[in-house]
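Trainee: Once you've had a glance at the structure underneath, I'll fire off some questions.
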Amino acid sequence: MSYTSDGKHMEEEVSQLDSTWESIFSNTAFAPPMLSEEERENLQKLACQAAETLKSKNKFLEDSIVDVIAPQLACLIAMPLSSSRSQTGIQLELCRPLDRCKSGDTALKLCEVIGHAEEFSFDQKGSRFIQEKLETATNEEKDIIFQEIRPLVMNLIIDMFGNFVIQKYYDYGSLEQIRELADILLGNVVNLTLHKYGCRALEVVDMDKRVSIAKELDGHVIQCSCDQHGNHVVSKIIECVPQELIDFIISSLSAEITSLSAHPYGHHVIQTLLECCDEASDRIVMVRHILQDLFALSHDQYGNYIIQHILENGKPQERSAIIQILSGNVLKMSKHKFASNVIEKGLRFGTPQEQCHMVDEILRFTNECDTLQMMAYDQYGNCLVQTALEVSNSEQLVNMISRINHYLNVAKRFTYELSFISMIEKLIQTGG
């Protein structure tokens, strides 16, 4: 049961309003049979809503005055609807713009939202409506809505729906509006960087403000890089801001590169850093730290992605340094869930000479151990045998097929990859 602001039941309020209905229905626009019974009920609901609104806005307003004003307000609001009714009649609706938006009113225009932008921005459907309309709105409409929500920017940025309205202004607002939004963010960068929705606004600011935003992260780089939201902001700054302007970020990350490489969020930042950092001196320091912990990172569920990235996208000397360290450890690493991915990248992206050395290691007998056979039987290693078949030279390929043919039947009982069996059988049939 609902209550008005003075604590009375809604039913009591409605009964008080009943006495004034004659004044409404004496108007020829609303007199029977012009209004159906259902439309009369809707008009009465509209009056109740008007009464509730009046009392919430002014608690000292006497009930007797509200009882007179509310029905008249309902009459004025409904008049345009009534005057345009068709032969079949129409429904009198509650006219709050947000209610119309939620009900799917396609006739609602952005100009009708003026004065209601706050409640629209914090509502799921209302926010989506503003976003869609801003794409085609006039400069005047965009400016009016902007001035209305400007005092609420910090609240909207961290709101589930409001943040999308702010982002839309970055896409369709004027240059002045975009800069004004960015100015509001300054001084709050760290908190916004760590916020689920706030971080999105920082990712879309223009270049002029990204440098200022980056400077606010000084002293918080590691904290933000290890955050599930903040790592995106740090990565975006690395991608978009010239290196000479963010030296403090690069040096902070380099000092903790091993631990960050093995971090569920930090490794994304390190990968971005390796992609964007071209300064030779900085890369030498970073790669040297990584090489010192190569085996630990290769066996780590996140760190192995950093090693893979260098093997696939790094400089030739960096790739060669890694492959050289991996030499002699192919069998052991090939049987590990994460390290086997590193070996696979070495096989695919090494130089022809490096590929040849790695395949030779797979074909080697060590301490009466057939490396190829053990890898073929392993759930991870057998995938590497497939890769070795693809990159081996003709002599190595013949050797591998000949040996695998001897224990193919055993491999069928152990291998986890049917595609591997199919490939071997096809190679044997065609003679490689």
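The backbone N, Cα and C atoms fix where each Cβ goes, and this holds for glycine too.
What TrEMBL says about a protein is an automatic prediction, not a curated fact.
According to TrEMBL:
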- 90-428: domain 'PUM-HD' (DOMAIN)
- 112-147: repeat 'Pumilio' (REPEAT)
- 148-183: repeat 'Pumilio' (REPEAT)
- 216-251: repeat 'Pumilio' (REPEAT)
- 252-287: repeat 'Pumilio' (REPEAT)
- 289-324: repeat 'Pumilio' (REPEAT)
- 325-360: repeat 'Pumilio' (REPEAT)
- 361-402: repeat 'Pumilio' (REPEAT)
Trainee: With DSSP as the yardstick, break the repeat 'Pumilio' (216-251) down into helix, strand and coil residue counts.
Mentor: 25 helix, 0 strand, 11 coil
Trainee: Over the repeat 'Pumilio' (289-324), what is the model's average pLDDT?
Mentor: 96
Trainee: Do you know the DSSP helix, strand and coil residue counts for the repeat 'Pumilio' (289-324)?
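Mentor: Its residues divide into 29 helix, 0 strand, 7 coil.
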Trainee: I'd like the per-state residue tally for the repeat 'Pumilio' (148-183) from DSSP, helix first, then strand, then coil.
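Mentor: Going by DSSP assignments, the repeat 'Pumilio' (148-183) contains 30 helix, 0 strand, 6 coil.
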